[in-house]
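Notes follow the structure.
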Amino acid sequence: MFKAGRVPLIVTLWLVCVALSQGEELITDDWQVTLQEARGQTVYFHGWGGSTEANRYLRWAAQEIQQQYGVRLQHVRLGDVSESVALVRQEMVNNQARSAVDLIWVNGKNFHALKDVGALLGELSARVPNAALLDPEQPFTEDFGVPTDDYELPWGMAQFHLWIKNEELQEDGAVTPRSLLEYAQRNPGRITYPKPPEFHGTTFLKQLLLALSGDDPRLQAPITDEARSELFELLFTYLDTLHPYAWRQGQAFPNSAAEQQRLMLDGRLSMAPNFNPAALTGLQARGQVSNHVRQTSFGATAITNHHFLAIPKASVNQAGALVVLNFLLSEDAQRQKADPQIWGDPPVIKFSESKDVVGMPFPPAPEPHVTWHDALESAWRARYE
Amino acid sequence: MSKGAGRLFMSGGILMLTGLFLLPLGLAVIGLIPVTASIFAADFWEFIGEPSVRQSLGISLVLGVLPPLLAGYTAFWFLSRRSQLPTWIAPLLAMPHVAFAVGMGLLLLPGGLASRMLPGSWEFFQSLFVDKSLSFLVVVLWLKELPFVLLMTAVALHSAPLKQWRLVARTFGYRDIDYFWRLVFPYLLKKLRLPLCVVAIYGVSVVDVASVVGPNTPGPLAVRVLGWSQEFTDLSQQRALWGTALLFIMGLVTLAFVWLHERCACLWASRQLSQGVPVSRRVVHLYQEFGRIMGTAGVYLSILLTGAAFFTLILWSVIESWPVHTMIPQAWTWSHWQWEWEEVVNALMQTGFLALGVASGALIFVVVALELEAKTQRQLPDILMLLPLIIPQLALVFIWQQVVGVHSLTAPFLWVFWAQLIFAISYVWLTLAATYRRFSRIWLLQAKVLGYSDMQAWVKIKLRMLLAPLILAWTVAFSVSVLLYLPTVILGAGRVITITVEATAYGSGFDRSLAALYAFAQVVLPLVVFIGGAWLARRFRVEDPATGRAEA
């Protein structure tokens, strides 16, 4: 694609950049325009509204953003963010020039669904100055195996693990498929997982597959018929053995991780999945979770991924959305977010001085290739739904 | 009313009826045609052939058939031996379905309030109530729909000339119980046709309650349709379409069932009446006893559990921690309320103003439509007015969104208002139409003889005499507006944030205290309105000399 005729142009551009001194002012000028345009706008930020910590954190953010930039942040809390994803997709079908959503909290299938139909604003890292602060060591260029292509920026990080109430569940410091099954056989009805395709449920299956197969490298490549039949055999033989000892004998499953966590706190289950490793400390400090609960990985490694922010191409308050996004990636905001007393969501940027930063407690495992995700879900549903 | 004004009223009313109500619904029906036509594709039969899809269909059918039957018969059994309802029935309607389900779960399931407070009862509750099962879901729907059906039954009974009927029956030598089942029962079934249809349709289309306490391997069809629609692959989108069509058809099937049941029951009653053969005393006695127990138990359970669910919500909203297997909470706190106060008040204000507008708008609309009926001597088909409750809500809202599209941003409140209005109109129609139509013109004629003008007669006589049912209809519309979720979120473009939107979000989370707090806040407005409405209706009660009873 590189054409010799373009060289002079590129050189000129480079010279212009240098001439504008360190290239920074170019961004700053654009950014000044954005800031000016954003003043007075109201940004409608759609996201899942079930997390009290996230909701209160965003309340703090809204005050700061109002004060610093004169932008009003309206958090639109939803029972399930896919309602807004469906709305934006419908807007695309309608060819609507103005979207109801300015900023949206997504990852995984919801991001794919928006990216697929071309609904998202691209080149985000060039539009948001604080994107430069993002920690280059974190693998956020992919979201559940699909390249983000700069259509979303990471907001926080997550690592799959289990809350357990009983040490017997562990062997060698982690819950393993074997220890889980043995525990279930001794204590019928105390083990379960959220019903796939709920993403904690699907991740539970992926984690199980990783552990059962000893981190089979084929899981990182597109799925093949051979790998599928071999590895699914392992997985479903295990689940077929586990389910009779599971909660409700595997005849029903919790609808979400939140529901399973409540069941656990009611003393009806011994374990529940969770994705935010820093949340437990805060919940225990506030007395919402008993001090007997501890967290542990499921298998030797823990699937680690990110949650992201994206802006619909047709968003009406786009400048405002960029300002909000930029603020949420600032050191100040990321630090506040990482505080276990506030939210405890791990940061995605490198702090200037790295004191008391929340790290990831378990050795990270990458997500299996995205083709496994769909295959797992449909195989599970065909078998157990 | 002068002739010109009359004509103006007629054309204005017809314009309003068509423009606000019939047109958007017609549009939706046209939008549904290609969806429904998709069932003629070959893959559709493959889809239906899947065991899990058939199972979902079966569950939905049970949900469409059992709750209306159970609620209907419980109400009949209860009212066959009483003439009065307990006064607190109307406020029970204020409890949203999902809050009731959550409350029932918090109360009855193992680990809930009851099993915590009654030591040693854990096993008992575990064996009685199975989490995420069809049986528990049916019990929840039965007890939740019961107050509504009771109220509708009471309204129907109030307008029947019961005294004369009883007198006639006694002269022919019938016992009171025979008289009820052979004379009143068929009459009630006819009067309750629409309310029972609404309960049936609700059972088929319920999503929130079903996902809180219902089975999920697989779940009812409506829950799965929502799931498919949120998955965004071509296959699941196709399934969502087929599912929507199936839901629509299932709705029609359950309606047919309600109608068929009514026909069979009426036939049975009329045969009993004409033959006059008394069933054996023993059977009658057994049936009577069973009915007495079921009727009383059902109604008082419903009242008790609604009250307890409400209390549970308040309790949880001030609990800081409550370790399992302890009888009472360990620590209490007001901090949830302090944190959320501002948000709750804001949401309540928006919700309240919207609901005031919607309820009043719907009431005016329906009264105008009913006056048009009276003037033209032609009845609007009920099924038409109840269409919004029969078409699956998700499909309806997305079809509207396609049309409203970008304009939802310019006037979000207006669109939400309009969408809510359509649903509220159906409910007002349901509660009001029968009573309103029965109003005898003789009163108006007499008033005119006494020198009142048309308008004066209408306001001073008709409005005054129908005040109680009008108030009831308004309060029902008010709570419908408060509780609508999908139309508010989708057509409001996230600009209209009602308390139900907030409660749904917090309900999906882990924090039980906040879920309870918002669920409580959601109940407050309808509760106040229902209690106020009940008081007003009592205060302005007018005796109807024709039946010797007070209107509603």
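Keep in mind that glycine also has a Cβ here, set from the backbone N, Cα and C atoms.
Taken verbatim from TrEMBL:
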type: DOMAIN; residues: B:53-259; note: domain 'ABC transmembrane type-1'
type: DOMAIN; residues: B:348-531; note: domain 'ABC transmembrane type-1'
type: TRANSMEM; residues: B:57-80; note: transmembrane segment
type: TRANSMEM; residues: B:92-114; note: transmembrane segment
type: TRANSMEM; residues: B:134-157; note: transmembrane segment
type: TRANSMEM; residues: B:192-213; note: transmembrane segment
type: TRANSMEM; residues: B:240-260; note: transmembrane segment
type: TRANSMEM; residues: B:297-319; note: transmembrane segment
type: TRANSMEM; residues: B:347-372; note: transmembrane segment
type: TRANSMEM; residues: B:384-403; note: transmembrane segment
type: TRANSMEM; residues: B:415-436; note: transmembrane segment
type: TRANSMEM; residues: B:465-486; note: transmembrane segment
type: TRANSMEM; residues: B:515-537; note: transmembrane segment
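Distant neighbours of the transmembrane segment (B:384-403): 22, 24-25, 27-29, 31-32, 35, 194, 197-198, 201-202, 205, 222, 225-226, 229, 244, 247-248, 251-252, 255, 369, 419, 422-423, 425-427, 429-430, 433, 486-487, 490-491; these residues of the same chain sit at least 6 beyond its ends, with a Cβ under 8 Å from one of its Cβ atoms. Remote same-chain partners of the transmembrane segment (B:415-436), defined as residues 6 or more beyond its termini with a Cβ less than 8 Å from a stretch Cβ, comprise 20-21, 24-25, 152, 155-156, 159, 191, 194-195, 198, 354, 357-359, 361-363, 365-367, 369-370, 382, 385-389, 397, 400, 404, 407-408, 466, 469-470, 472-474, 476-477, 480-481, 484, 487-488, 491-492, 496, 551-552. Long-range contacts of the transmembrane segment (B:347-372) within the same chain, counting only residues at least 6 positions beyond its ends with a Cβ under 8 Å from a Cβ of the stretch, are 9-10, 13-14, 16-17, 20-21, 380, 385, 413, 416-417, 420-421, 424-425, 427-429, 432-433, 436-437, 470, 473-475, 477-482, 496-502, 521, 524-525. Pairs of Cβ atoms less than 8 Å apart link the transmembrane segment (B:92-114) most often to B:297-319, out of B:134-157, B:297-319, B:465-486, B:515-537.
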